[in-house]
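Database features, via TrEMBL:
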BINDING   Lys8, Gln9, Gln10, Leu11, Arg12, Arg144, Met145, Gly146, Met147, Gly148, Gly149, Gly150, Phe151, Tyr152  ATP binding site
BINDING   Ile54, Glu59  substrate binding site
COMPBIAS  10-20  compositional bias 'Basic residues'
REGION    1-26  region 'Disordered'
Amino acid sequence: MPASKTSKQQLRKQLRHKRNSLTSGQQHQAALGLQRIISAQPAWIRSQHIAVYIANDGEIDPMPLVKQAWKEGKTVYLPVLEPLQSGKLLFLPWRPDTVLVNNRYGIPEPTLRRPYRFRYRPRPAWALDLVLLPLTGFDSSGKRMGMGGGFYDRTFAFMKNANAINKPFLAGLAHECQRVSRIPTDSWDIPLSAIYSDLNVYP
């Protein structure tokens, strides 16, 4: 049965307020704690093609991990709103010199405008090794809540196919303060392989 839309909206609002209430110092320490935890995980160590995000709206910041990935020679990707398939994401390479523009939500992403269109070749979602995605909330069992747009669910819907050969390791990132006792879920929610906070690994 679909989760109550009203209850999810209320919970999402509460959790967004929690993470936005963190000070810049708390955000910085959380980002470093997240880096320490994830960089020791087998999923990070074995991955070469890693999708991340640019922190927005109080999200935990993966930037220390991004800098580490660049130093380790890993290829980093950012999600880009798919211009031809509404509601889906592309993943374009992100390097220190990548030209970024704000999308319609005000979030920076690699530009698809000329003359950069052919410089940044997207990598198919199924060909990513590790996908680090932002969460609004989560519970200890590994259930997660996003912002409600469904972009990651639609993009990675292929992972529900038992015959899919390649399946990236999907990991949600969040502040520990975003953990609740239970997250309401829907049938279309794509399950995560793990959830990483600044303090723990779940489930």
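Here the Cβ of each residue, glycine as well, is placed from N, Cα and C on the backbone.
TrEMBL does not curate its annotations; it predicts them automatically.
Features per TrEMBL, on structure.
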residue: Lys8; record: ATP binding site; DSSP class: helix
residue: Ile54; record: substrate binding site; DSSP class: coil
residue: Glu59; record: substrate binding site; DSSP class: coil
residue: Met145; record: ATP binding site; DSSP class: strand
residue: Phe151; record: ATP binding site; DSSP class: helix
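For the binding-site residues Ile54, Met145, Met147, the largest tally of other C-beta atoms within 10 A is found at Met145. When the Cα atoms are compared, Gln10 (ATP binding site) and Glu59 (substrate binding site) turn out to be 18 Å apart.
With the fewest other C-beta atoms within 10 Å around its C-beta, Arg12 stands out among the binding-site residues Lys8, Arg12, Glu59. Of all residue pairs in the ATP-binding list (Lys8, Gln9, Gln10, Leu11, Arg12, Arg144, Met145, Gly146, Met147, Gly148, Gly149, Gly150, Phe151, Tyr152), the one with the greatest Cα separation is 21 Å apart. Long-range C-beta contacts of Gly149 (ATP binding site), restricted to its own chain and to partners at least six residues apart, with a cutoff below 8 Å, comprise Gly87. Rounded to the nearest whole angstrom, the C-alpha distance between Met147 (ATP binding site) and Glu59 (substrate binding site) is 11. A 10 Å cutoff on Cβ-Cβ distances gives Gln10 (ATP binding site) a total of 11 other Cβ atoms nearby, all chains included. Of all Cβ atoms in the shown protein chains, 17 besides its own fall within 10 Å of the Cβ of Phe151 (ATP binding site). Taking Lys8, Arg12, Met145, Phe151 as the binding-site residues under consideration, the smallest Cα distance to Ile54 (substrate binding site) is found for Phe151. Lys8 (ATP binding site) is 18 Å away from Glu59 (substrate binding site) when you measure Cα to Cα.
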